[in-house]
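Peer 1: Handing you this structure, nothing more for now.
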Amino acid sequence: MQLAILGAGAVGTSVADLASEYGHEIVGLADSSTAAVANTGGEIDVPGALERKAGDEPLGEASLEAVFETDYDVLIEATPTTLGEAEPGFGHCKRALEADRHVVLANKGPVAERYDELRDLERASAGSVRFEAAVGGAIPVLSTIEDCTPQAVTAVRGVLNGTANFILTRMAAEGLDYEHVLAEAQDLGVAEADPTFDVDGTDAALKGVILANVLADGGFSLADADVTGIQDIPPSALELAAEDGQTIRLVGEATRDGIRVGPRLVPENGAMAVSGTQNIVQIETRHAGDLYSSGRGAGGPETATAVLSDVGRLP
Amino acid sequence: MSDECASGGSTADANVDAPEEASATEADGGLSAYTVRLELVDEPGELLRALEPISANGGNLLSIHHERGNITPRGHIPVEVDLECAPGRFDGIVDALRDAGINVIQAGPERFGEELTVLLVGHLVETDLSDTLSTISRDENASVLDLSLTAPDGMEDVSSARIRLAVDSGNAESVLENLRALADGKGLRLVEPLTGGEA
């Protein structure tokens, strides 16, 4: 397949880097200012483009616009997640679907905020939409739900944000307060300079909204989620939990009725108490009990793996 | 006696006065769970006295919630006893309790006590912790079993409490709703247990 990648952050560049292993070609790679595009029948010089990106040079001479003119089969939408209108990601998906191309998203915005519109565009298009990479990074969550069929899944619960989980794990292990551990996480590169969306539950909520949309076939956006973050959890709360064999995790919960994200008590040695930046997802099924998947919920190559698996699932 | 054992199955209890009922129960699948709510006088030995009629009449004790912190206006201590027995025996147990002078407040099937542990975080002392606890106890479906409080930075600062509740079966969600409202009203953070799934 010929892939056009929008967004040249950790995920976009990793997709470009790994695509050839999966037998795909890159015909365009764009960041917010410039793009490298292939001539008809060719592909871009991926190592050259990645080297330029790493050196903070322009990716190429073209603009993002030129990517849509290439002979791509699949648009990889890996621009940063935005809320509300979810632009420019949503517009990118719309353009590709209207041109009867497939869309694979790593960007959570369009599938969390404008799911129904995106599905309408898909219905009118010969292309299809997939977004495994938007939930749980490398962990196969949506494909598992798809295999079980969404009707047979009653709820999905999970630790869906590695940064928040790292902070809670360190606080519990060391008895340190939130601010201290957050600074440590930033030094380690586990937390971003502005960690707001990770610690206030927004990121986990977006994933919960996407899951609820998959279970209920749409109808939800971030505004429907009940969200609480971890900022006011003191070490003393983690201590009290530990005395009782429990700990606190930021858990996202999605059902057909809605989305809830907040700090919850879970058994200290139970499946949900993954440590560090690990994520875990529990899929509660009607006939087969609970299924658990855990692994890396973020990271360039990890998320790119989910993107490329989606490309492989396209019709 | 040997006839009874043969017809009534495996019962080892000599006081089976209605063998045909016992065998009907056996065919029914055996034991059912019941809850009895008692009020005991606050005197030594009362709890033991209340439990004897249960075991003596074929009941198997499952759990006992002895709510010492929740004394009734008349100075009695509420006790909730979960037990299992053959369905035909339950009325006999309740009668035996009443004959022994025990005050049976409520008796019925499947009002099993569930336990629920939550954390409350915030200015617990400044927002009147005893009022918080009595508000929780006013919920007819919940009673506070115990509480652990830590205030590492002093009582004026943020503290955390772990509260273990006995909750009437099937009412955990309504108890949690009341707790959420209580926490919201006092500006406290409630950390609920993760339920659902099999875990």
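From the backbone N, Cα and C atoms, a Cβ is placed for every residue, glycine too.
These numbers come from a predicted model, not from an experiment.
For reference, TrEMBL lists these features for the protein:
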type     : residues                                          : note
ACT_SITE : A:Lys207                                          : active site, proton donor
BINDING  : A:Gly7, A:Ala8, A:Gly9, A:Ala10, A:Val11, A:Gly12 : NADP(+) binding site
BINDING  : A:Lys108                                          : NADPH binding site
BINDING  : A:Glu192                                          : L-homoserine binding site
DOMAIN   : A:7-132                                           : domain 'Aspartate/homoserine dehydrogenase NAD-binding'
DOMAIN   : A:140-311                                         : domain 'Homoserine dehydrogenase catalytic'
Peer 1: Give me the sequence-ordered set of same-chain residues, not including A:Gly7, A:Ala8, A:Gly9, A:Ala10, A:Val11, A:Gly12, with a C-beta within 8 angstroms of the centroid of the NADP(+) site's C-beta atoms.
Peer 2: A:Ile5, A:Thr13, A:Ser14, A:Val15, A:Asp31, A:Ala78, A:Thr79, A:Ala106, A:Gly300
Peer 1: DSSP-wise, what's the residue breakdown of the domain 'Aspartate/homoserine dehydrogenase NAD-binding' (A:7-132) into helix, strand and coil?
Peer 2: 51 helix, 20 strand, 55 coil
Peer 1: Identify, among the binding-site residues A:Gly7, A:Gly9, A:Gly12, the residue whose Cβ has the fewest other Cβ atoms within 10 Å in this structure.
Peer 2: A:Gly9
Peer 1: Roughly how many Å lie between the Cα atoms of A:Glu192 (L-homoserine binding site) and A:Gly7 (NADP(+) binding site), rounded to a whole value?
Peer 2: 18
Peer 1: Measuring Cα to Cα, how many angstrom lie between A:Gly9 (NADP(+) binding site) and A:Lys207 (active site, proton donor)?
Peer 2: 20
Peer 1: Between A:Gly12 (NADP(+) binding site) and the residue listed as 'NADPH binding site', what C-alpha distance do you get in Å?
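Peer 2: That separation, Cα to Cα, works out to 14 Å.
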Peer 1: When DSSP states are folded down to helix, strand and coil, where does A:Lys207 (active site, proton donor) land?
Peer 2: helix
Peer 1: Among the binding-site residues A:Gly7, A:Ala8, A:Lys108, whose Cα is within 10 A of the Cα of A:Lys207 (active site, proton donor)?
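Peer 2: So the list is A:Lys108.
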Peer 1: Tell me the Cβ neighbour count for the residue listed as 'L-homoserine binding site', meaning other Cβ atoms within 10 Å of its Cβ, over all protein chains shown.
Peer 2: 12
